[in-house]
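For Unk60, the entry in Swiss-Prot reads active site. The ATP binding site annotation in Swiss-Prot covers Lys63, Gly118, Met119, Asp120, Asp138, Asp161, Gly212, Gly213, Gln214, Thr215. The Mg(2+) binding site annotation in Swiss-Prot covers Asp120, Asp161, Asp316. The N-acetylalanine annotation in Swiss-Prot covers Ala2 and rests on a large-scale study or a structure entry. The phosphoserine annotation in Swiss-Prot covers Ser46, Ser97. Residues annotated as region 'Disordered' in Swiss-Prot: 85-107. Marked as site 'Important for catalytic activity' by Swiss-Prot on the basis of similarity to another entry: Lys63.
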Amino acid sequence: MAEASATGACGEAMAAAEGSSGPAGLTLGRSFSNYRPFEPQALGLSPSWRLTGFSGMKGUGCKVPQEALLKLLAGLTRPDVRPPLGRGLVGGQEEASQEAGLPAGAGPSPTFPALGIGMDSCVIPLRHGGLSLVQTTDFFYPLVEDPYMMGRIACANVLSDLYAMGITECDNMLMLLSVSQSMSEEEREKVTPLMVKGFRDAAEEGGTAVTGGQTVVNPWIIIGGVATVVCQPNEFIMPDSAVVGDVLVLTKPLGTQVAVNAHQWLDNPERWNKVKMVVSREEVELAYQEAMFNMATLNRTAAGLMHTFNAHAATDITGFGILGHSQNLAKQQRNEVSFVIHNLPIIAKMAAVSKASGRFGLLQGTSAETSGGLLICLPREQAARFCSEIKSSKYGEGHQAWIVGIVEKGNRTARIIDKPRVIEVLPRGATAAVLAPDSSNASSEPSS
């Protein structure tokens, strides 16, 4: 499993990254305004070189389907922490109290919640000091061509599971890296340090550090990691307290998987011919760049604002799509509620591409996302203020939020209405002509 320190191949890759400054010599930080598109020939590689050519799947699209996944992992659930009736508190509060070192019979203790298989992160009460260990792991395959941005996206995706719990600090990260055996030695030496640097830069932006990991050789490139934090109960928000009347807020647009696939189709005439009537090459390039920037943006700001605006529950939107993750979150609720989604903020033109291609299921909410936004249950009176606050320049550029649905009385399910309102989200650098007439109202109430 994970090495204790940055040694071996992982250490060599990180050491090589020390001398690398990212694409075009830039350190992007919280702004992508100075980003220049990746050109493989700048590294001495062929102009036709593609990072995505070293895997057969892309990003979070590699996930095992949710229902099958839960069956596969059923044997890992410990008898003393099995989820009762699909609730979010694992094993009951008394068992959680005993795990935390309290005497048997001490009674329910909301101070020591626990969370296991089925949600974004595990929450394990520690034996000492009323603290909890919150930990998550994630990895996937390349879905963009820029190695540096791929590293940033992978790190942002790992940290996002902590941010979905309202956690803003991470104590430590490990990096998991697989170098493709199909790569030449020259390709490995030039590309791998950029991926490592992107991962490390995103970790540093998140206020943490990569202290070790594991690196192997594999047919496909893989990158991801482990994020760990020890915190007090008031530092995280359990994903189980939505109430009737809450609204659902989404902090990144959908359509990332569609955008990265459409970008690859520019070099595939058979696929491109199916969608070229609904989107131009320029629009695909802009959508791809916007998807890349969004995936590389940390959800840390949204996590902090969850506390400010009294969030009741949240999850991040990744491989199961907005519908799958909404359904999973709904199952965790203590109250008898259901989620109804009315609005779908989507990167401009990607809804049309999804429909024309006959793939993805973007409008049905089943299209995979990678390093997507947080879906947050907020009190109705707080939601519009959240959407306004997150766009403040003090948090840097690129943060957005939309009210996309409501929480109503129900049986812990989630659904998207038959004809959801599509909000076309204008990519940075696009002309106003791409913008749909109603897409500027970021905090509009869902319609029935």
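The backbone N, Cα and C atoms fix where each Cβ goes, and this holds for glycine too.
The structure, with features from Swiss-Prot marked on it.
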{"residue": "Ser46", "record": "phosphoserine", "Cβ within 10 Å": "10"}
{"residue": "Asp138", "record": "ATP binding site", "Cβ within 10 Å": "23"}
{"residue": "Asp161", "record": "Mg(2+) binding site", "Cβ within 10 Å": "23"}
{"residue": "Gly212", "record": "ATP binding site", "Cβ within 10 Å": "19"}
{"residue": "Gln214", "record": "ATP binding site", "Cβ within 10 Å": "17"}
{"residue": "Asp316", "record": "Mg(2+) binding site", "Cβ within 10 Å": "28"}
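In this structure the C-alpha atoms belonging to Ser46 (phosphoserine) and Gln214 (ATP binding site) are separated by 29 Å. Looking only at Cα atoms, Asp316 (Mg(2+) binding site) sits nearest to Asp138 among the binding-site residues Asp138, Gly212, Gln214. Gln214 (ATP binding site) sits 20 Å from Asp161 (Mg(2+) binding site), taking the Cα positions as reference. Between the CA atoms of Asp138 (ATP binding site) and Asp161 (Mg(2+) binding site) there is a gap of 9 Å, rounded to the nearest whole number. Across the structure, Asp161 (Mg(2+) binding site) and Gly212 (ATP binding site) place their CA atoms 20 angstrom apart. In the three-state DSSP assignment, the secondary structure recorded for Asp138 (ATP binding site) is strand.
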